[in-house]
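The transmembrane segment feature in TrEMBL is assigned to A:42-65, A:77-104, A:125-152, A:158-186, A:193-213, A:259-280, A:329-348, A:354-380, A:404-425, A:431-450, A:466-484, A:490-509.
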Amino acid sequence: MIRFLKAGSIPWLLAHEVRLGWRGMDGKQGEKKEGLSAGKAMLILLIGLALLGLVGGGVGLAFLVSEFPLTASPMAALIATGAMGAILTLMLTHAINASVQALYQRGDLDLLMSSPLKPRVVLTVRLIAIAVVAGLLYYILITPFVLAAWALGQPHWLALYGLIAGLTLIATTLSLGVTMGLFALIGPRRTRVAAQVTAGFVGAAAFLASQIYNFTRPRDDEEGASALAELFQSWAASDAFQDGGWGTWVLRAVLGEPLPLILFLAAGLIVFAVTTTALARRFAENAAAAVGDRAGSKPRRVADRAFAAGLTRVMVQKELRLLARDPQLLSQVLLRLLYLLPLGFILFRNAQSGVGVAFGAGAVVIMAGQLAGSFSWITISAEDSPELLRSAPVQQGRVDRAKLYAALIPAMSLTAVALAGLAVIAPLASVVVLIGCLAASASAGLINIWRQKPAQRRDFQKSRKGSLLVGLAEFLVGALWAAATGLAVAGQIWALLPAALAVGFTLMLRRSPEKIAAAAALS
Amino acid sequence: MSSPDVAALELRGLKKVFTRPAVDDLDLTVRAGELYALLGPNGAGKTTTLRMVAGLTQPTAGSIRVFGVDAVADPVAAKRMIAWLPDEPMLYDKLTPMEYLEFVAGLWGVNAKTARKRAQELLEWLALWEHRGERCEGFSRGMKQKAALAGALIHEPRLLMLDEPLTGLDAAMARQVKNVLQEKVRTGATVILTTHILDVAERMADRIGIIQHGRCWPKAVWPN
């Protein structure tokens with residue numbers, strides 16, 4: 001198709017990007033295609049079940065709304081606006097990460113920028129790619145529902161496509177604004193980390209917001225309405241959500257009113273067009289300046305100290321140095337912990353109750369397992385120079401053990417903070433939790449040794465995608481250790497059952513040293 | 001301990017098959033203390049051969065002996081004597097050259113005090129001492145190549161293998177690397193390098209082996 005388009009035009013470059021994206025999905029040419037393993041079959045089954053659930057849920061919801069049609073009310077307007085706000089926030093997270101990549105990841109950017117293409121063309125195509133990726137998930141999620149609702153005589157739900165399109169354009173534009181703003185404020189070196197941390201916080205904020213009800217609801221022994229419910233009622237009663245108020249526009253668009261929908265789409269398109277035109281030159285300048293980010297750190301004052309001795313010591317030292325010098329990676333690991341905050345909050349809120357402590361104990365164990373899994377993946381699978389290690393006169397088992405120690409140091413140091421908090425509330429329980437944490441960390445570490453697969457540090461966010469089965473197994477084993485610890489804290493003998501299952505699942509993933517070496521080898 | 005007249009590297013019937021044979025029934029002998037160039041076009045099997053010697057790729061068939069040690073049966077013992085320098089330096093961008101050398105010395109089990117002294121000597125020799133506190137991520141290709149070369153030399157290997165060591169280096173850097181290699185040979189080490197440029201092989205090597213389609217050409221060993 002690309003040959004029929006005018007070379008150098010936006011559609012031409014877009015077709016080129018689509019072609020690259022399409023071929024990228026197919027894996028590397030010449031890559032060894034393996035047969036359908038049990039793991040892959042399980043994965044296909046899980047994806048099939050998820051799709052079935054998605055279609056079933058969508059169709060079910062469509063029947064529900066055809067039976068009980070959505071009507072305009074202040075509370076419905078508030079919920080619709082809130083839902084759109086939440087989706088926009090989540091899209092923004094994705095779009096910020098993508099816009100950082102657009103600026104920093106070279107790929108073919110140097111080629112494009114050194115060609116006579118207008119920067120506006122390059123920027124527009126990059127932004128369209130970001131918008132497509134940011135909106136794709138939501139289109140997939142709503143499609144079964146929208147089509148079923150249309151078939152059931154409610155075509156106005158098709159307006160959701162327009163709303164999502166408008167939202168993706170706004171989120172994409174905002175994300176570029178955030179990245180470029182940070183670039184201007186703090187410079188190219190810090191922008192990459194700062195933007196990705198910002199994206200993580202925005203995503204975590206959306207998640208924490210979804211947990212506000214848990215934070216604000218009365219405890220079981222208290223009476224009265226939730227503070228959040230009262231707040232919502234007061235907002236719904238405000239002028240904004242009454243007939244004609246700005247808060248009703250999203251709902252009116254959903255209900256099929258053309259004017260709000262057109263205005264929404266037009267706003268997105270105008271913001272998008274203005275941004276690409278206004279920021280094109282700045283984008284080109286920033287992309288060029290981003291190359292300087294790779295020019296390295298400032299020289300440090302060198303302390304000409306003695307060398308460390310012994311394989312384990314130098315390996316641990318090297319891994320800790322690499323971790324400490326990669327704030328972007330560290331922030332990605334730590335941001336995963338934000339999602340455990342609500343559980344921690346519930347723990348401290350219900351500290352007096354045994355159930356609260358048991359849940360909290362489980363949360364700390366999950367945290368320990370997640371941290372150990374993340375750091376183990378980084379130190380073991382994401383080794384920067386695997387060939388150097390393989391050409392060294394040491395057994396791989398020794399290298400892996402040293403790397404596991406290196407991973408457990410930061411993991412257990414961070415877990416110790418949570419354990420210290422727990423020790424204040426329930427000293428005896430904290431000893432049990434410590435054992436649970438060690439077991440969960442060891443399991444996660446061993447899984448990462450046995451199932452290692454060469455990867456790059458920058459793929460950390462995608463690591464669970466690269467090996468979904470291992471990610472799921474790691475999570476399952478962590479959850480089993482958490483359950484065992486929670487039950488042990490509650491004094492239940494049943495704790496032995498999930499503990500035995502955790503050990504069993506971990507051992508099921510064991511591989512022989514030869515197979516590990518073969519998987520770790522690049523050729 | 002191997003006897004003084006034992007070959008530094010002896011390959012017999014070496015074979016590696018990926019989807020097609022990359023190295024096919026290769027016989028090769030490199031004498032101790034010489035600088036040997038493995039010459040051949042791209043895709044001839046030069047790199048695969050050296051990767052098998054370095055223990056990075058398992059041979060499909062054949063034997064590899066490094067100073068008399070069977071590298072297939074006892075790879076750890078063979079690796080102790082070998083340094084391997086690929087065309088893409090095996091560095092850690094976030095480490096400084098000193099930290100890198102400390103790590104490599106630890107991998108090869110070099111005494112920490114000796115390694116510290118050698119690291120300083122090597123970095124001074126390769127004109128990197130002034131940059132010892134800078135992370136490798138900011139280095140030029142030539143500087144990275146020299147840092148990796150220092151890593152390869154820190155454990156004083158008896159057999160140094162380099163894959164296209166002069167690719168991408170400017171004239172001054174290339175001359176410096178050549179001097180380092182010739183100096184190592186003068187002090188008793190054996191050096192094997194791969195190249196696809198005849199001129200490089202002719203200028204540097206004591207002997208040249210020509211390899212194509214995974215085989216050494218019969219009698220095509222210069223200067224014979």
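Glycine is no exception: its Cβ is also placed from the backbone N, Cα and C atoms.
TrEMBL entries are annotated by machine, without manual review.
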Maximum Cβ pairs under 8 Å to the transmembrane segment (A:259-280) - stretch from the list A:125-152, A:193-213, A:431-450: A:125-152
Cβ-Cβ under 8 Å with the transmembrane segment (A:158-186): same-chain residues at least 6 beyond its ends: 84, 87-88, 91-92, 94-96, 98-100, 103, 127, 130-132, 134-135, 138-139, 142, 146, 150, 194-195, 198, 250, 253-256, 261, 264-265, 267-269, 271-272, 275, 279, 282-283, 286, 289
Folded-back contacts onto the transmembrane segment (A:354-380), same chain, C-beta under 8 angstroms, at least six residues removed: 319, 323, 329, 333, 336-337, 340, 343-344, 346-348, 400, 403-404, 406-408, 410-412, 414-415, 418-419, 422, 425-426, 429, 432-433, 436-438, 440-445, 447-449, 452, 455, 457, 460, 463, 474, 477-479, 481-483, 485-487, 489-490
Proximity of the transmembrane segment (A:77-104) to the transmembrane segment (A:42-65), 3+ C-beta pairs under 8 angstroms: no
